[in-house]
Every structure is written in structure tokens, then in C-alpha cells.
């Protein structure tokens with residue numbers, strides 16, 4: 001009848017095979033090497049043009065049909081509120097209807113700037129989410145040489161005092177450097193009830209972490225342990241000194257009363273995320289704290305994004321200054337993203353005391 005049902009028609013070859021209804025999205029690759037697909041403006045959808053051709057690549061032949069597929073980042077009624085409060089530079093996303101809602105601070109990695117796509121999607125799931133910039137944005141510092149946790153404390157206090165955010169505590173969601181900084185927030189600050197970290201670190205990396213009169217120096221870089229792959233890319237996974245050797249660089253997570261969930265790609269080549277998660281778990285338990293939940297994803301790389309974002313396997317590392325490998329294999333990484341997205345929502349609903357609710361959206 002001129003219809004192609006991707007839930008019933010298996011792919012016979014190409015970038016993926018078998019029943020993969022979302023394979024057309026997660027298996028996409030950049031036209032230019034080392035580019036990462038991210039969404040800058042969440043107020044417009046991703047527009048994906050799908051074509052059915054008569055033949056196969058490289059000569060596709062005659063165009064038989066075309067369809068346009070829109071992927072929206074803001075569910076109907078989600079509110080986007082730019083925030084310039086004191087030093088805080090952020091965007092707050094609020095669900096439709098009256099609150100109060102459980103609040104989450106959302107942190108990304110060393111790319112800097114202000115990324116809103118994860119926060120906007122989570123607001124459609126019943127959370128008030130503050131997408132927080134911390135450098136290289138607006139009038140914030142241009143470098144990350146020193147991270148002052150007081151800035152993040154200001155953001156936490158802003159969210160806690162917001163009339164549409166329900167207390168008594170909030171959540172943190174952080175990936176990569178955002179996980180490292182989120183761990184420092186949970187260790188030094190009050191009011192953080194639950195935290196989800198995706199491939200984060202347990203040590204200060206590439207910068208000093210300061211809070212009041214305490215300083216955590218960055219862990220040593222072991223340049224002689226960095227390898228070059230056969231493709232000429234750097235593999236930096238062994239390039240940081242062990243936290244068991246340089247204990248002064250370890251973030252004092254044992255001070256925290258936060259409940260933690262660690263989501264870990266076992267093929268992360270940015271740093272040793274699985275080792276860090278396990279060591280944090282040991283450290284917490286050694287100090288009589290609750291054992292955190294750790295979920296491991298085989299063959300998943302560093303950038304575990306919301307569902308169906310294509311794998312970012314290698315690209316520019318701001319701190320290293322060149323292209324590095326981030327790891328992961330396309331299909332298992334895609335499956336990890338789907339599961340991680342559900343796991344973090346379930347965790348926050350449970351520990352921030354919200355009723356699970358789904359708002360209809362074209363996602």
C-alpha cells in the first residue's frame with residue numbers, strides 16, 4: 001500500500017540490519033569526520049528528510065518517495081525561561097501547568113557554553129530543569145582553570161527558592177566534566193538530594209576545584225601513557241594519574257548525604273569511568289554511607305546522550321587540544337542511551353518525590 005513500517009520490516013544491510021525502527025537516526029554518521037550532532041536551539045525541531053531510492057549506494061537511482069520527520073525538543077506547554085540571576089547564567093525549563101515540580105540542575109562537559117536539549121526534554125517528563133552554563137558563555141569565565149563551587153551553590157539556591165520548584169532538596173544531572181563538578185557540588189553543598197552522573201570523574205581534572213577555604217588540585221597528566229590509534233587519533237584513557245596515588249585530587253564524596261546513580265559506558269576512552277564509579281562506591285560505603293547504584297553499559301562510549309542521538313565516537317577534546325577517541329559501538333551505545341534515559345527519570349522521580357507523569361509530545 002505504499003507504506004514502510006519500520007517496526008515490521010527488517011533492514012537487510014547497510015549501517016544496521018534487522019528490526020531497528022530508530023536505526024535511521026542512531027546509525028547516522030557526520031558528513032565531516034569528528035563532528036558531533038547537538039541541538040543548539042531547542043525551540044525548533046530537528047528536521048530529518050527521509051528518501052526511498054530505487055537502488056543502493058553509491059548509485060541510489062531514482063527517487064521513489066520522500067518524507068519529512070520532525071523531532072521536537074519541547075513538549076507542548078513546556079516553558080523556557082532565560083536566567084540571569086546574580087552570577088548565574090542558565091535557562092530554566094518548566095513543565096506545563098501549575099507546580100511545584102522536582103528541580104534538577106543539568107551540567108554538560110568541557111565544551112562550555114549553554115546546552116539546553118537535555119533539560120528541555122526532561123521538562124516534558126515533569127521536572128523543573130535548570131540548564132546551567134559555567135564557562136565560555138555570556139560574561140562567565142573563558143577558561144576552566146579554577147572552578148569555584150560557590151557559583152554552583154548560587155544556582156542551587158536559585159532553584160530551591162523558585163516558587164515552582166518543590167523542596168526540600170533538588171537533583172543534579174551531569175555528564176563528563178559536568179559529572180565531576182556535580183560530584184563536588186554533592187560533596188560540598190547542602191540541599192542536593194539525588195544525583196545522576198554519566199561517565200563522570202572522582203578527581204579534579206585539568207583544573208583546581210575551590211570551595212571557601214578548601215582547594216582540590218588537578219590530578220597529574222601522564223602524557224607518556226597516551227597512545228595513538230592506527231587512525232592517528234589519541235587514546236587518552238590511561239592519561240590520568242590514579243586517584244589511589246594522588247589522593248589530594250580526590251573529591252571528598254564521603255561528606256555527601258546525596259543518593260547517587262552512576263551510568264557508565266564500559267568502552268569510555270575519555271577516562272576510567274567504570275573504575276571511578278566503583279571507587280566512589282567503595283569510598284562511600286567505607287564511611288558508612290549508602291551504596292550507590294551503578295549501571296554498566298557494555299560497548300557504550302563516553303557521550304551517553306538522550307535516546308537516538310548518533311554515536312560521537314571520536315572528536316576534538318578541548319583540554320587535550322586535538323581529536324581523541326571517545327569509544328562505543330553504534331548499536332549497543334544506542335541501546336544504552338535508551339535505557340539510561342529511562343533509568344535517570346525513574347531515579348529522580350523516586351528520590352525527588354514526584355509522581356511519574358508523561359506529557360504527550362512528538363519525540
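Our numbering is plain: 1 for the first residue shown, then up by one each step along the chain.
Using the three backbone atoms N, Cα and C, a Cβ is placed for every residue, glycine included.
Copied over from TrEMBL:
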type	residues	note
DOMAIN	147-353	domain 'BAAT/Acyl-CoA thioester hydrolase C-terminal'
ACT_SITE	176	active site, charge relay system
ACT_SITE	268	active site, charge relay system
ACT_SITE	302	active site, charge relay system
In the chain carrying residue 268 (active site, charge relay system), residues 6 or more apart in sequence that have Cβ under 8 angstroms from it: 199, 237, 274, 300, 301, 302, 326, 327, 328
Cβ neighbours of residue 302 (active site, charge relay system) where a neighbour is any other Cβ within 10 Å: 26
C-beta crowding around residue 176 (active site, charge relay system), within 10 angstroms: 26
